[in-house]
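A.B. asks: Residues annotated as transmembrane segment in TrEMBL: A:20-44, A:56-79, A:99-125, A:153-172, A:193-213, A:225-248, A:268-287, A:307-326, A:338-358, A:378-396.
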Amino acid sequence: MAHAHTQTLTEEQTRLPARVASLAPGIIFGGLVLILAALGWAFATEDGLVHFQYAYLTGFMAWLMVALGSLIFLCLQHVFRAGWSVGMRRIPEMIVSNFWPWIIVAFMPIFIPICMGDTTVYKWLDPAMVNPTSPLFDQILANKSGYLNKGFFIGRLVAYFGIWTLMARFFVKNSVAQDADGDPARTRRMEMRAAPLIMVFALSLTFAGFDLLMSLDPHWFSTIWGVYLFAGCMISSVSSMILLLMFIQNFGGMKHIGPEQYSDLGKLLFAFVFFWGYIAFSQYMLIWYANIPEETTFFHFRQAGEWANFSLLLLFGHLLLPFPGLLSRHIKRGRKTLAFWAIWMLVFHFVDFYWMVMPYLAKKLGHGMEVVFHPMDVLIWLGLGLGLFGLTLSRAKRQSMVPLRDPRLPESLAFENYY
Amino acid sequence: MAGKTYAPLKGIDNTGDVPGPRTPLILENKTYGQITEQVCSVVEDPKVHRTWLLSFMAAVTFLGVLFSLIVYLIVTGVGVWGNQIPVAWGWPIVNFVFWVGIGHAGTLISAILFLLRQDWRTSINRFAEAMTIFAVVCAGTFPGIHVGRIWLAYWLFPLPNQMLMWPNFRSPLLWDVFAVGTYASVSLVFWYMGMIPDLATIRDRARHPLRRLGYGILSLGWRGSARAWHRYERAYLLLAALATPLVLSVHTVVSFDFAVSQLPGWHTTIFPPYFVAGAIFSGFAMVVTLAVPARAFYGMRNIITMRHLENMNKVILATGSMVGYAYSMEFFIAWYGGNKYEQFAFMNRAFGPYAWAYWTMVSCNVITPQIFWFKKCRTSIPIMMVAAILVNVGMWFERFVITVTSLARDFLPSSWGYFHPTIVDILMLIGSFGLFFTLFLLFLRFLPMIAISEVKSVMPFPKPTQKQPSEVESAPVPSVN
């Protein structure tokens with residue numbers, strides 16, 4: 001980009017502003033308080049602990065997608081040898097560096113009950129369901145017990161989180177080490193490994209989606225499920241990156257990121273809003289049209305009673321409103337407008353996961369067609385989100401906020417977005 | 001700039017990438033004028049090359065075969081095909097889906113890669129788009145002649161009539177008419193609009209008044225003013241944005257032809273993105289198949305460089321792996337879903353009477369592109385030609401497997417059958433290649449095969465002070481351990 005201005009970075013710009021670093025523990029603490037408040041509320045409510053488990057799964061999965069989206073974002077930037085994003089690449093790197101240990105720690109309230117064979121959320125963990133002599137016996141589950149059984153399930157979950165942790169470690173370690181040694185071979189190594197890692201990621205995301213979300217109704221199945229989750233994880237991670245960037249900038253950091261990069265992030269957000277709509281439509285359309293009972297159960301329940309309105313909320317909030325909302329170039333380049341849509345999409349990303357998980361709770365509690373909303377659902381989601389953002393920021397003070405010696409940093413600083 | 005020459009740099013390997021400086025896309029350090037000369041001379045050459053003529057005659061011969069068979073079909077009836085209960089959808093729909101798929105690369109390259117700022121697209125977009133349009137022509141032929149009473153083919157369109165008869169709006173086959181029709185028209189407009197500045201260049205260089213008139217009409221009075229360029233760029237961006245969802249929608253609707261049904265092996269939710277990935281996969285394979293001989297024959301190696309071919313091979317690897325992902329999801333969910341008809345459909349594909357077709361498909365589509373993990377294979381002309389042709393074969397077989405295996409053995413064993421194509425089926429498929437190549441060869445001869453103005457936009461400005469590709473090359477290449 002020959003005619004763009006070349007910027008020089010000051011020492012101050014490359015570091016996390018001291019105010020942000022001092023705020024981070026408070027944010028984490030705030031998140032923790034919200035989760036504890038939700039837990040307290042759960043104890044005081046009838047069926048509260050059951051509700052808590054479902055709400056925790058919803059909130060955790062919604063934010064896990066942010067971390068996974070950041071991971072695939074890093075892979076994609078490396079595999080495409082992208083220049084524009086180098087200046088902001090530390091943001092996704094800091095998000096994924098939370099896999100070890102904090103995302104895994106946050107997963108424990110889901111993982112430990114699974115290990116203990118708790119059947120509140122995953123009813124198929126009940127061995128009686130595959131025991132032919134039991135009154136609960138389910139032939140369909142018995143047929144797939146080779147896959148859906150406790151031991152294999154735990155093994156797979158360990159494998160997914162292990163894979164993601166190692167992937168995150170690889171990218172963060174090399175990128176940070178490059179700040180010190182400036183070795184361009186690190187860039188090459190990340191580019192080369194990113195391609196096969198995308199395949200590993202695709203399979204791990206898909207099967208984790210089958211395991212943690214699709215198996216909530218162990219009879220139901222959809223081959224597009226993994227792609228649907230992928231669309232959601234791109235939307236939520238790009239939104240989170242936008243908000244974290246703006247937050248740091250509000251305290252005077254990372255001033256080298258301007259409308260040029262925001263414009264591209266906005267375009268990605270727009271593209272994946274559209275892509276999500278495409279995938280969600282494909283899944284709905286094909287199941288609705290063929291009208292096969294074992295498939296329609298998923299939508300049938302979400303299309304009746306109060307859930308029908310909730311589904312419409314998802315349709316409008318996740319697709320029909322943000323699509324025209326993000327069309328304009330001015331909106332994507334304006335800080336306030338882009339921040340608005342980033343927050344909006346994070347909220348509706350949560351609504352999406354609520355829509356996937358919570359109807360099963362309504363069914364379980366025998367509430368029929370009611371949306372079983374409880375304020376603790378939002379408290380948990382907010383608490384986990386604050387935790388993730390706070391931990392990301394507190395990680396960020398350990399090193400430069402810019403990949404200082406990335407060979408493509410000059411290109412990124414001089415980057416200009418023509419259209 | 002024209003007139004001043006610099007020493008050409010031959011044999012530069014621009015496939016390597018030192019992180020940091022961007023490797024040049026156009027080689028041999030030519031001036032703008034030389035690039036214009038290089039591309040236009042193909043169209044302006046008064047001599048007809050023998051190789052071109054022989055290929056053209058061969059293509060026209062096969063086109064003649066196709067036309068005669070279409071006449072035979074119309075006179076006799078669709079019974080001349082192998083379509084027979086239980087497989088009432090045979091090769092015609094297989095060929096239709098195959099050709100629509102081929103027609104996906106062009107618009108992806110010109111629209112989506114444009115929005116993604118992939119500058120390397122400029123060298124290949126023009127003839128990839130041309131190829132798209134010709135492939136859609138081939139695709140449209142098959143359902144067009146499959147309607148039975150071809151003189152009533154216009155009933156495909158919802159035309160008001162005194163009988164108050166309308167097409168069935170609930171049928172995905174009707175959606176196909178709209179999807180493919182929209183795609184064809186937008187692709188055509190995009191292709192033509194992008195060509196206007198280049199057509200004007202040919203017009204301005206034309207010596208014969210008839211040529212000047214012909215290209216003059218085609219170039220719509222293009223003067224190259226700043227205002228014209230401004231509007232051109234705006235229109236190009238808008239068309240790219242409009243064409244992007246179309247790249248997805250066409251094959252999505254084609255996949256609906258199968259997936260909205262309740263037939264095991266056809267009805268699965270991943271079909272739409274899976275078909276789109278497969279279409280891009282086969283489209284890029286066809287671009288490689290055509291680009292390699294064309295660049296050699298017309299001496300375009302400096303414009304369509306090894307880097308361009310390597311990038312296309314990477315796209316083939318990526319989309320081929322997506323197709324492989326879809327195959328495995330289908331297989332896994334067929335088992336996981338627990339529906340025994342679905343399970344049977346997949347076991348039947350892999351181990352039933354059509355196992356030969358299934359394994360041809362898997363080895364061509366999933367295993368073959370994996371060789372592109374290795375740079376040696378991505379940058380070897382013979383290997384990529386073989387792989388690209390195998391991918392084309394595999395993608396034809398994919399549609400054959402999907403269409404025929406599910407129909408041949410459905411729920412009721414007493415109505416099972418085995419599909420046999422007739423000689424008409426086989427010759428029509430070959431004939432459709434004749435149609436495709438006839439159009440493509442005419443395009444190469446009469447229209448600029450490279451987007452001249454777009455290529456110039458990604459050239460390093462040929463100043464002596466500019467860093468030469470040779471200097472970039474000699475920069476230390478980091479070792480990777």
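Cβ atoms are placed via backbone N, Cα and C, with glycine included.
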A.B. asks: Return the stretch with the most CB pairs under 8 A relative to the transmembrane segment (A:99-125), choosing among A:56-79, A:225-248, A:268-287.
C.D. replies: A:56-79
A.B. asks: Per the 3+ Cβ pairs under 8 Å rule, pairs at least 6 apart in sequence, do the transmembrane segment (A:193-213) and the transmembrane segment (A:56-79) touch?
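C.D. replies: With 3 or more qualifying Cβ pairs, these stretches touch.
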A.B. asks: Six or more residues beyond either end and a Cβ under 8 Å away: which residues meet both conditions relative to the transmembrane segment (A:56-79)?
C.D. replies: 85-86, 89, 91-93, 95-96, 98-99, 103, 106-107, 109-110, 121, 164, 167-168, 171, 187, 190-191, 194-195, 197-198, 201, 205, 212-213, 229-230, 232-238, 240-241, 349-350, 352-354, 356-358, 377, 380-381, 383-385, 388
A.B. asks: State the non-local partners of the transmembrane segment (A:307-326) in its own chain: residues 6+ outside its ends, Cβ under 8 Å from one of its Cβ atoms.
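C.D. replies: Apart from its flanks, the transmembrane segment (A:307-326) reaches 266, 269-270, 273-274, 276-277, 280, 301, 332, 341, 344-345, 347-349, 351-352, 354-355, 359, 362, 369, 371.
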A.B. asks: Between the transmembrane segment (A:20-44) and the transmembrane segment (A:378-396), are there at least three Cβ pairs closer than 8 Å, leaving out pairs fewer than 6 positions apart?
C.D. replies: yes
A.B. asks: Please determine whether the transmembrane segment (A:225-248) and the transmembrane segment (A:268-287) are in contact (criterion: at least three Cβ-Cβ distances under 8 Å, sequence separation 6 or more).
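C.D. replies: The transmembrane segment (A:268-287) and the transmembrane segment (A:225-248): touching, yes.
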A.B. asks: Where else in the chain does the transmembrane segment (A:153-172) make close Cβ contacts, counting only residues six or more beyond its ends and a cut-off under 8 Å?
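C.D. replies: Answer is 67-68, 71, 74-75, 78, 93-94, 96-97, 99-100, 103-104, 107, 111, 114-115, 122, 125, 190, 193, 197, 200-201, 204, 207-208, 211-212.
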A.B. asks: For the transmembrane segment (A:268-287), find every same-chain residue at least 6 residues outside the stretch whose CB is under 8 Å from a CB in it, and list them.
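C.D. replies: Contacts of the transmembrane segment (A:268-287) (Cβ under 8 Å, skipping residues fewer than 6 from its ends): 222, 224-225, 227-228, 231-232, 234-235, 238-239, 242, 295-296, 298-299, 318-319, 322-323, 326-327, 332, 341-342, 345.
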